[in-house]
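Q: So Swiss-Prot lists these for the protein:
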SIGNAL    1-23  signal peptide
DOMAIN    35-113  domain 'Inhibitor I9'
ACT_SITE  144  active site, charge relay system
CARBOHYD  175  N-linked glycosylation site
ACT_SITE  210  active site, charge relay system
CARBOHYD  233  N-linked glycosylation site
DOMAIN    365-460  domain 'PA'
CARBOHYD  376  N-linked glycosylation site
CARBOHYD  465  N-linked glycosylation site
ACT_SITE  543  active site, charge relay system
CARBOHYD  624  N-linked glycosylation site
CARBOHYD  638  N-linked glycosylation site
CARBOHYD  668  N-linked glycosylation site
């Protein structure tokens, strides 16, 4: 008996020592990294008490009080409960098992999703209905690269003082000395401040231009004669020019970190913003490990809608980011204009390229060469001169000439890999870059430049090789008309894998070649040696689409200040304009369609979603009761609150478990039949009695039934329930993506449309 006890004691000691040795070995090989410890809803304790509680929790894992204080970087505590600390992986894992912790995840770097757009959307200046008094009380928080408050787009002439509800601050710093009555607040977040370029730290000033661009798209005042070096000349303005901007700088030269974004959300919610716009994204993660999903949930609890960019990794499927159903995820579509940069060859042939070339030619023709002919590499030298790689061309062969560069062959290569910088450094006169694939996105060039389609590039090569004295000229970019809207090639597509039965993106907005304000601290091309500065610039990305949707949300809120975030989002989705696009991606690329702000202020019916409904959805998605309780504060130390329990949630919530404005289902690849039921509740936001009749559009082979088919309302705020039953057989004609729709029509101008999309990934759906 004694012998067995000794053996057990020995084995216990051995395991403890062995685990300690393993941990020590890990510590030697792994550097401590910042982790975010998310603990749900903030308690009613003071920030000082919250920070001390975080320290005590960390100390239980670290085992040393002074070391714990050294390792803790930051505490959240205004609306979001949690902290950031430098941890080893095994310490993070141990913390994740502690009572009161929802999740522990590594701090990562995320990236920005980088004029006439409001006219294109129907908000023609002086010709659309506005509620200016209420609009001026709306505050949009922009989480981005900061702001240039000196831009004419943020002139506060005639603008009254900030709304009384505003609780934020203007934090001044280098190159940022003041706010005004338009930009009423500015803060910067860089919890780990090392590694910043000189002059960029400790300031909300925008050294990139991105934040100034997005902010002015939302609420910039009207500025006439705005252009980028004469390109796209016209009037620049925001969608809600009387609204206020609060700038939260979370993105720096190195990127945008999770911990900084979460800190900005915590501040913005407390400051009193009404809408949050964040054009940032990264890898898709479970909601409790996604800082944007976490921050947006806490914002939603305070009545704040968060608009997010869908991402720029298109056109492939499963590329969309920002997937939480409580955020509005925005795809990018085109305007009815494009930028054309014509190249003319010495033999009279022309090629229509794309760029933002603000240089007028000084000669009728320039000598033309190619990267291959301008090579300075000896036999066996490293590099590819045909694509104009740095270090492969000779100055004596480039000086004063236009250089043609073939398309790069790297994965995803599409030209534009700095060839303009290479050619300018060798005193070249211009650059023509061949594209592997067509693009709709125009970019600024350091010298005269144009990006031409692959076939045109081949003809240019043939011309160069056919004559002893090839010549070419690159004309200044001009604006031409095009059919629109269409989804931009870069815009990320669904479906998604985190919550497979929620359709993302939700909606689309202009994001291609958008003219808006720019920072005087940022170069036009992003090259450090580009000394040109401009008050306005043209940028593309879902980053540019997101602020259009944020402004549209603010516009709707100016007419309906008491509406919930979900109601505003529903109004924009159900009144959106469906799009026709090439291929079979359908709603996976544009969601419900392009925003139509004028229709959205009178949607007729809305699909509202409460906080409790989102919690039921999280239960259905498999998140545990304890974590959900912490998210809401129901599992806090407050003894008057009951613990949240998913077991008490009513079952039979339908195919998606949420009162979402769109209907989506990812079908198992082995299933030949489709059989789904969606339950929905609509709220009447129209005036007077009304009757709505359901209209269904569905392809052959798919039966879509709405029960009941008629709904009547006597007064505003009345609710009605209905269900949508979908049955069919998945045959070859349906391919992998099937689109349908349900529309509720009251014959008085209200048409409430919900797209239906079924997806099965085993087919060739392209």
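Note: Cβ is positioned from N, Cα and C throughout, glycine not excepted.
Distances, neighbours, how buried they are, the whole picture for these features please.
A: On its own chain, residue 144 (active site, charge relay system) has 112, 206, 210, 211, 214, 215, 247, 248, 249, 250, 251, 277, 278, 279, 280 as residues at least 6 apart in sequence with a Cβ closer than 8 Å to its own Cβ.
Packing around residue 210 (active site, charge relay system) is summarised by its Cβ count: 26 other Cβ atoms lie within 10 angstroms of its Cβ, all protein chains included.
Residue 233 (N-linked glycosylation site) falls within a strand segment according to DSSP. Here residue 233 (N-linked glycosylation site) comes close to 225, 226, 227: these same-chain residues lie at least six apart in sequence, with C-beta atoms under 8 angstroms from its C-beta.
Counting residues per DSSP class in helix, strand and coil order gives 21 helix, 22 strand, 53 coil for the domain 'PA' (365-460).
DSSP assigns residue 465 (N-linked glycosylation site) to coil, not to a helix or a strand. For residue 465 (N-linked glycosylation site), applying a Cβ distance below 8 Å and a minimum sequence separation of six or more within one chain yields no residues.
Other C-beta atoms found within 10 angstroms of the C-beta of residue 543 (active site, charge relay system) number 30, with every protein chain shown included.
Under the DSSP three-state reduction, residue 624 (N-linked glycosylation site) is assigned to coil, being neither helix nor strand. The number of other Cβ atoms within 10 Å of the Cβ belonging to residue 624 (N-linked glycosylation site), over all protein chains shown, comes to 13.
When secondary structure is read from DSSP and collapsed to three states, residue 668 (N-linked glycosylation site) falls in the coil class. Long-range Cβ proximity for residue 668 (N-linked glycosylation site), meaning a same-chain Cβ under 8 A and a gap of 6 or more residues, is found for 760.
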Q: With residue 543 (active site, charge relay system) as the reference Cα, tell me which of the glycosylation sites 175, 376, 624 is the closest one.
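A: Answer for the nearest of the glycosylation sites: 175.
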Q: According to DSSP, does residue 144 (active site, charge relay system) sit in a helix, a strand, or coil?
A: strand
Q: Could you state the whole-number distance in Å separating the C-alpha atoms of residue 175 (N-linked glycosylation site) and residue 624 (N-linked glycosylation site)?
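A: Spelling it out, the Cα of residue 175 (N-linked glycosylation site) and the Cα of residue 624 (N-linked glycosylation site) are 47 Å apart.
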Q: Other than its own, how many Cβ atoms are within 10 Å of the Cβ belonging to residue 175 (N-linked glycosylation site)?
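A: The Cβ of residue 175 (N-linked glycosylation site) has 18 Cβ neighbours within 10 Å.
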Q: Please count the residues of the domain 'Inhibitor I9' (35-113) that DSSP assigns to helix (H, G, I), strand (E, B) and coil.
A: 31 helix, 28 strand, 20 coil
Q: Ten-angstrom check, please: count other Cβ atoms within 10 Å of the Cβ of residue 376 (N-linked glycosylation site), all chains counted.
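A: I get 16 for this one.
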Q: Give the mean pLDDT for the domain 'Inhibitor I9' (35-113) on the 0 to 100 scale.
A: 91
